[in-house]
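Everything below concerns the one structure shown next.
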């Protein structure tokens, strides 16, 4: 139900983007609002539709089935992973509602996420939302990797694994490699905004 709701919300945001881009004039009449819609649409579709439904729900059922395993390696970890997502979505929606919201460039171009561009807590709320979603993804990735490595039936060698299982396995490994980098970057962004550090300050030289 949570994933379906997130999917409907993401689809409605996607339709807003397509409508804005599909006609010559401006529909929303606000570039910042459009940027916020693009950002929220991406986060909602990835973290709250694809992750819990396609990977969390469908993958948790199909991967053990393909491995001949009775269940995932850590069944309760799925619950922990899922229940981090509703507060994450709440924080993301709160970030879009506070002041002018968090626009598209704030994760890519640090000056756009400075206190001058976003004086209020919208970027901070988006960062905390990403932290929760990232922890949820890491828990799920650990569960999948452990399941694929340790829960195969005795005759199932790695080279005989179905391609779907391999795709989940490789994706989980890449996720574990990339997410800590993102977490470190947005944490440095958080300290720049709130503790006067100069990680992303061109004049400060970095801490």
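Note: Cβ is positioned from N, Cα and C throughout, glycine not excepted.
Now, the feature entries from Swiss-Prot:
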type: BINDING; residues: 20, 25; note: Ca(2+) binding site
type: BINDING; residues: 41; note: Fe(II)-heme a binding site
type: TOPO_DOM; residues: 22-42; note: topological domain 'Mitochondrial intermembrane'
type: TOPO_DOM; residues: 64-81; note: topological domain 'Mitochondrial matrix'
type: TOPO_DOM; residues: 103-124; note: topological domain 'Mitochondrial intermembrane'
type: TOPO_DOM; residues: 146-162; note: topological domain 'Mitochondrial matrix'
type: TOPO_DOM; residues: 184-207; note: topological domain 'Mitochondrial intermembrane'
type: TRANSMEM; residues: 1-21; note: transmembrane segment
type: TRANSMEM; residues: 43-63; note: transmembrane segment
type: TRANSMEM; residues: 82-102; note: transmembrane segment
type: TRANSMEM; residues: 125-145; note: transmembrane segment
type: TRANSMEM; residues: 163-183; note: transmembrane segment
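On the structure: features taken from Swiss-Prot.
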residue : record                     : Cβ contacts under 8 Å, 6 or more apart
20      : Ca(2+) binding site        : 26, 27, 28, 34
25      : Ca(2+) binding site        : none
41      : Fe(II)-heme a binding site : 10, 13, 14, 17
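The average pLDDT computed over the topological domain 'Mitochondrial matrix' (64-81) stands at 90. DSSP assigns residue 25 (Ca(2+) binding site) to coil, not to a helix or a strand. In the topological domain 'Mitochondrial matrix' (146-162), the DSSP tally of helix, strand and coil residues is 8 helix, 0 strand, 9 coil.
Distant neighbours of the transmembrane segment (43-63): 2-4, 6-7, 9-10, 13-14, 72, 78, 81-82, 85, 88-89, 92, 126, 129-130, 133, 136-137, 140, 144, 147-148, 164-165, 168; these residues of the same chain sit at least 6 beyond its ends, with a Cβ under 8 Å from one of its Cβ atoms. Tertiary neighbourhood of the topological domain 'Mitochondrial matrix' (64-81): same-chain residues 56, 136-137, 139-140, 142-144, 146-148, 150-153, 156, 161-162, 164-165, selected by CB-CB distance under 8 Å and a gap of 6+ residues from either end. Listed by sequence, the residues of this chain that lie at least six past the ends of the topological domain 'Mitochondrial matrix' (146-162) yet keep a Cβ under 8 A from its Cβ atoms are 63-64, 66-69, 71-74, 168-169. According to DSSP, the secondary structure content of the topological domain 'Mitochondrial matrix' (64-81) in residues is 11 helix, 0 strand, 7 coil.
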